[in-house]
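Quick look at what TrEMBL annotates:
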DOMAIN    A:5-225  domain 'CobQ/CobB/MinD/ParA nucleotide binding'
BINDING   A:K11, A:G12, A:G13, A:V14, A:G15, A:K16, A:T17, A:T18  ATP binding site
Amino acid sequence: MAKVLVVTSGKGGVGKTTSTAALGAALAQSGQNVVVVDFDVGLRNLDLVMGAERRVVFDLINVVQGDARLSQALIRDKRCETLSILPASQTRDKDALTSEGVARVMDELREKFDWVICDSPAGIERGAQLAMYHADMAVIVTNPEVSSVRDSDRIIGLLDSKTQKAEQGEKVEKHLLLTRYDPARAARKEMLSVEDVLEILSIPLLGIVPESEDVLKSSNVGAPVTLAAPTSLPARAYFEAARRLSGEKLEVSVPVEKRGFFDWLFKRDA
Amino acid sequence: MSFLSNIFARRQQSSSVAKDRLQILLAHERGAGEAGESDLIRQLHKEIMEVIARHVAVDQDKVQIKVDRGSGCSMLEIDVEVPQELSGKRGS
C-alpha cells in the first residue's frame, strides 16, 4: 500500500525541499520505490537540489492537463534507481493545477510507487493545500525560531481540516522534523530547545537535523545530503527519520559530532 | 551558583522569552480559528463607534484601537478623540 507524504511548513526557507530530497533518497536507498513530487509551481527547485534540472522535459502540469503521460514526465535518479522525481512547471502559475487533475495523478503515482513524497510550496494558499490534500502522512519542517513555530502551528490546523483524510473524519499522521538545530545554542538557552518546540506544537518528533555545512555543499552539487554525504550528521538524522517513517521504533537523539584529531585534519578536503 | 548569577542567567535566556510569547500567541490563534477574533474586534469597534457617533461627530482618523493579548486576559483599548468645541459647549 503506497503512502502519500507531504513535506510542509508554512514558512519558506526552513528546509522543505532539502528534507524532501534527503528523505526521498534515504527511503529509496532502503530499496523502496520512491517518487518526489514538486508542487511549487512557478518556483520549482526540487529538480535543482536533486541535480535533475537539465533533464526536465515535461512536468506535473503537463501531466495534470493531459499533455504528457506520467511516465514521460518522471525522471529517474542516476545514482539511485528506485528514486524518481516529478518536477513542477517553472513557467505556469498555480491555477493550472486542478484538484481533479492532481487527484488523478496521485492515484496513478500510488499504483507505481511505495512512497509519494510531495514537496509543498511555502504559504497556506492553493498550492500548499493541493500538496497536502491527498496526504496520509505529513512531515512538518520547523526551525527552532518563533516565526517558523507559529507557521507550523497554522499548518497543523490546516492538516486537521483541509485534507481528504480530515474530510473523511480521519487524521493525517503528523511528524515534526526540527531542522537547522544548534545543540550548543539551545544548551545556552539562546535557541528554542527540542522540548520547547515539542511542548508548543505537541506532535511526535520524527528527527532533529543539526545545522550543518554539508546541507549547502550537497545542494551546491545537486545531490540529496543522504546521497552526497551519507555519513554526515544531517544525513544520519535523515536516514533515521526515514526508518521511523517506515515504522521502526528508534529513539530520537540530538546528533552531536564526535570530532577527533584526524577529522579536524581532513575537514578541509570536504 | 549564587543568587545574583541566577538572576542574570535568567535574564539572558532569550529562548524562554520566545517560548512564552509563542504559547500566549498560539493559545489565541488556535481559539480564534479561521476568522473569530478579528471579526469580534471589528464588530465591537463598529458598534461602539455607532453609539459614540450618535452623540458626537468623530473623525475616523482620530480613533485608535489597541489589543493586548495576555495569558490570563486580553485588553481591548479604544481611544476616541472628541472634538474640542463640542466638549467645550457641553461644559458651558
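Note: Cβ is positioned from N, Cα and C throughout, glycine not excepted.
It should be emphasised that the depicted structure is a prediction, and the values quoted were computed from it without experimental measurement.
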I need the least crowded one of these binding-site residues (A:K11, A:K16), counting other C-beta atoms within 10 angstroms of each C-beta.
A:K11
So how many other Cβ atoms are close to A:G12 (ATP binding site), meaning within 10 Å of its Cβ?
14
Can you list the residues of the same chain, besides A:K11, A:G12, A:G13, A:V14, A:G15, A:K16, A:T17, A:T18, whose Cβ falls within 8 Å of the ATP site's Cβ centroid?
A:S9, A:S19, A:A122, A:V141, A:T179
Mind giving me a neighbour count for A:T18 (ATP binding site)? Other Cβ atoms within 10 Å of its Cβ, every protein chain shown.
26
Tell me, if you would, which residue among A:G13, A:G15 (binding-site residues) has the fewest other CB atoms within 10 Å in the structure shown?
A:G13
